[in-house]
Amino acid sequence: MAQVSTPTAPARRARRSLPDLVVDRLWRFFCSVRIAIWEIAILALLVLIGTLRGSSVPQTVADAVPALAPLVERWYAWDVFHSLPFMVMLGLLSVAIAIGGMINRAPGIWQAIAHPTVATTHGFLRNAEASATLAAPAPPDVLADRMTDALRAAHYRVLTEERNGEIHLYADRFRFAKLGTFPFHLALILILVGGIVGARWGFRETEFIVPEGSVRGLGYGTGLSVRLDNFSDTYQENGQPRGFRSDLTILEDGEEVKRGVATVNRPLTFGDTVFYQSGFGQAVVLRITDARGQVLWDDAAPLDFVSSVNPDAPAAVIELPPAKIKLHVIAPDSNRGNAPEQDPLGLASGTMYFLPRPLGPDGPIGDAPGVVGRVGEVSEVAGLNVEFLRERRFTSLQVGRNPGIPIFVVASLMLVGGLAVTFYFPHRRVRGIVAAAPGGGSAATIVPLARRDWSAQRAFDRLSGEIEARLGLPLSRRRSPAEGPASATSRG
Amino acid sequence: MEALVKLSFYCFAAASIAFSASAVSYLAYAVGRVRLRQTALATSAGTTYVTRSAALEPGWTGAGRFGTMLAWFGVVFQGVSIALRTAAAGHLPLSNMYEFSSSFIFLMGLVYLLFERSYGVRQLGAVVLPITVGMIVYVWSLPVGLREVNALIPALQNRPLMTAHVSLAILAYAAFAVAFAAAVLYLVAVRRSVAWLPSPELLDDLGYRAVTVGFPAMALVLILGSVWAYQAWGTYWNWDPKETAALFTWLVYGVYLHTRSLRGWRGNRSAVVLLVGFAAVIFTYYGNYFFGGLHAYGGV
Amino acid sequence: MVTADDRPISQRALVPHVPRRRPEPAPQLAVGLLVAIAILIGAWVVTGRSGLEEVGRGGINRSLLPKVGEVAPNFATEDVFGNPVELSMFRGKPVWLMFWGSWCPPCRSEFPDIQRAYGQLERDGVQLLGVAIDESPIAAGRYAAQNGATFLVLSDPDRNDTEQSYPLFNVPTHIFIDADGVIRSIVLSDMDEAMALREARALLTSAADAG
């Protein structure tokens with residue numbers, strides 16, 4: 001038995017040292033199913049709060065009960081899934097799973113598998129909810145042997161023990177399925193471990209933007225950079241999107257190492273870094289020189305912002321540190337349904353609005369006026385020559401490296417495997433006594449260990465039927481009115 | 001192609017009729033009849049007393065058999081409907097709420113009938129089939145445009161994973177619906193002495209069996225869902241409302257199983273957990289309506 | 001007194017389960033058949049009233065653009081200067097028919113690539129017709145001129161002239177038509193220069209094969 005968890009006698013406890021007591025308390029805390037259920041309930045509540053944060057529910061609450069508005073503000077502000085309480089609860093639950101679900105149960109389970117108790121009592125057999133009795137003219141040891149053969153034929157393991165001239169018998173099937181609980185519970189912990197490993201040793205870039213024809217460095221110490229050769233979005237005839245595709249070239253320390261395609265369900269992998277197609281947009285290609293003809297910018301800039309005066313007008317921000325200028329570029333309104341007053345800039349196709357702003361505290365310009373530039377032309381903006389070369393597209397990729405994935409895969413297999421073994425190969429157990437009958441010959445009584453388990457009792461019915469058929473001896477079944485299910489009647 | 005979609009829709013209509021008739025039959029069978037009995041008693045004095053008594057009696061056995069037959073018709077028609085639509089679309093009908101619910105109706109009918117067969121418990125149909133009919137009504141109320149076959153949108157373009165992930169979800173929901181029905185009947189059976197209901201123990205066990213089908217299926221749904229999310233979006237868990245609701249559902253059934261095996265819960269308490277679990281299933285099913293999120297390509 | 005409701009479960013469990021006491025005979029085959037037929041007739045009535053007529057024509061079955069292999073339907077419209085132009089005028093030449101609009105960002109992104117590709121294809125005798133839709137001929141003409149377009153820019157501001165034969169749901173749409181007026185390929189996305197050259201040159205090789 002599990003010595004650690006079995007409460008020691010009160011007399012002894014008094015003599016135990018404080019650390020012992022603390023360990024004992026903690027151990028029991030983590031073994032308690034009731035506490036584990038509370039932990040799950042609190043986690044579920046936190047998850048609910050965290051999930052609803054992203055929905056319209058908090059706003060609805062705030063609208064309905066204005067008094068709760070400050071609380072709703074804090075709700076929006078609280079990133080539950082990265083908060084301390086959430087982590088603490090996950091940690092507590094993991095430890096509870098490890099200790100209560102696994103370590104504490106291990107000795108008992110191993111005992112039941114390797115060294116089950118064979119001896120039983122007549123009282124136990126009498127009180128069982130179902131039983132089957134078999135009488136034979138042969139002496140007890142012969143009947144016991146034949147019973148053993150019959151049970152083995154039904155794929156049961158049989159252990160016998162002689163006591164007071166009677167033969168006690170224990171038989172079970174699928175005993176190793178009891179171990180299924182360990183991979184299952186270990187898997188739950190491994191999934192958390194996988195998440196931690198991924199977060200600690202991997203990285204995730206959720207918005208890695210590369211315009212067509214441009215190269216962008218990935219960072220995160222990878223030494224990788226990516227060039228977008230082409231982006232295209234394809235549609236069905238009815239306008240439904242069909243696919244989003246980025247043709248990428250991956251460079252390692254400036255050397256081309258891989259070319260490939262990333263689409264929505266087929267990411268591009270290089271080594272252990274994975275590139276996912278995530279979004280797209282427009283970009284503008286500019287060449288900016290200062291008054292002395294020095295090139296400050298010769299690249300595409302993604303229009304991944306929107307104008308502050310018109311949210312339907314995409315915009316880019318280009319920082320030009322040598323000139324201490326931050327250039328805002330605003331594209332024409334992309335929503336043709338907008339009324340003229342919604343589009344104050346009123347830009348025509350083929351133009352961009354350039355708005356220079358100071359970069360840093362000592363920028364050379366104040367709020368200089370904006371300039372409308374036309375494609376193919378050079379505009380003078382705050383002393384810079386801005387040439388609007390053409391428009392292009394950009395792709396937005398998610399890039400990630402997650403060393404936790406193999407752990408996660410192993411955990412998933414263990415989880416499903418453990419569950420399947422536990423549910424579909426239930427541990428079936430039978431106890432019995434073979435004894436000499438008063439009138440000569442012998443009688444064997446077997447009972448299932450299936451308290452309040454109707455399926456197990458059904459399995460026992462089948463088993464006793466098999467034994468009856470195999471031994472060719474009359475078998476009488478009894479069902480205790482106290483516990484028996486009504487299977488016989490309802491099965492017809 | 002057009003003919004296939006039409007025929008599929010026609011078969012769905014036939015299945016709708018069959019399932020509805022089946023639900024009525026099962027109800028007639030399980031709820032029983034109220035029989036008013038008039039007894040004339042002759043007294044020794046030559047007068048007669050007429051006593052009236054009302055009693056609940058077992059339902060009409062024939063209706064039960066009829067219900068089973070109609071449910072099988074429904075499953076067959078719905079199966080044909082799904083097969084035709086698969087042929088027309090080139091993928092299993094799982095990509096919008098019309099298709100998903102059609103598949104759900106089919107699997108719920110089938111899973112129920114298999115349980116009915118192995119347990120010989122027909123009364124369950126009086127709970128499961130009305131749920132199926134509710135689902136059918138919902139499908140008929142969906143916008144007509146969803147009846148059309150469309151190409152898969154980019155996010156769904158992963159046929160093996162979509163098929164496995166979504167059909168396992170449907171299987172799990174169907175099994176949980178059966179468990180729910182068993183729990184409802186259990187709660188009735190222990191409170192009312194309705195002799196022709198199956199024994200509470202059997203219902204309790206049946207509910208457990210259904211959960212042993214649904215729980216691993218749901219675990220696979222979560223796992224395959226994260227594998228898919230990882231392939232499509234680069235994160236295997238997004239705390240998206242639907243996936244969170246699915247996790248919550250799974251945890252509720254986890255609580256059900258643990259309280260049974262570790263604390264020996266049976267009967268009432270277990271049945272209540274099953275009711276909570278099914279409420280979570282419904283919440284998960286319609287989760288994308290309430291909260292949007294990444295699963296909001298149901299088409300409505 | 002113990003009433004029925006007070007009895008413990010296990011006792012009540014022993015009460016026979018009435019409806020399943022005996023194995024039941026299956027419903028008669030004939031009854032089953034009749035019921036099935038009744039259901040099928042019922043479904044006919046129900047679906048007849050709820051739009052069986054329309055079902056199946058939408059979605060992927062909806063017929064929109066002419067198909068590859070068919071003769072491209074003719075249309076008559078005007079160029080940005082108001083001169084009448086018909087598709088059939090170019091029969092005998094491979095035609096690259098592009099629907100676009102300067103209001104459409106992907107069209108603007110691909111415009112320089114399209115023009116560069118056309119610069120090479122023009123010598124091979126490919127005719128590019130750029131039909132600007134949903135905008136005024138002035139806006140389309142100005143944008144094309146700014147970008148140095150050398151191809152023929154047509155304008156169908158309200159889609160009155162082309163929508164009948166070419167119902168579009170997205171621009172840019174590129175349709176490649178060979179010298180015999182047969183559609184060889186349709187591209188429902190923007191293109192870069194290389195792709196445009198590849199698609200258009202396929203028209204030349206097929207023309208050479210036929211000739």
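Here the Cβ of each residue, glycine as well, is placed from N, Cα and C on the backbone.
Because TrEMBL annotations are produced automatically, they should be read as predictions rather than curated entries.
Record features (TrEMBL):
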TRANSMEM  B:7-29  transmembrane segment
TRANSMEM  B:70-91  transmembrane segment
DOMAIN    B:94-295  domain 'Cytochrome c assembly protein'
TRANSMEM  B:97-115  transmembrane segment
TRANSMEM  B:127-146  transmembrane segment
TRANSMEM  B:166-189  transmembrane segment
TRANSMEM  B:210-231  transmembrane segment
TRANSMEM  B:271-291  transmembrane segment
Reported mean pLDDT - the domain 'Cytochrome c assembly protein' (B:94-295): 86
Stretch with greatest number of CB pairs under 8 Å, the transmembrane segment (B:127-146) reference, B:7-29, B:70-91, B:210-231 candidates: B:7-29
Chain residues in Cβ proximity to the transmembrane segment (B:7-29) (below 8 Å; excluding those fewer than six residues from its ends, i.e. six or more beyond): 59-61, 63-64, 66-68, 70-71, 73-75, 77-78, 80-82, 84-85, 88, 102, 105-106, 109, 122-123, 125-126, 129-130, 132-133, 136, 139-140, 147
Same-chain residues at least 6 beyond the ends of the transmembrane segment (B:70-91) whose Cβ lies under 8 Å from its Cβ atoms: 1, 4-5, 7-12, 14-16, 18-19, 21-22, 25-26, 99, 102-103, 105-106, 109-110, 112-113, 125, 129, 132, 149-150, 152, 159, 162-163
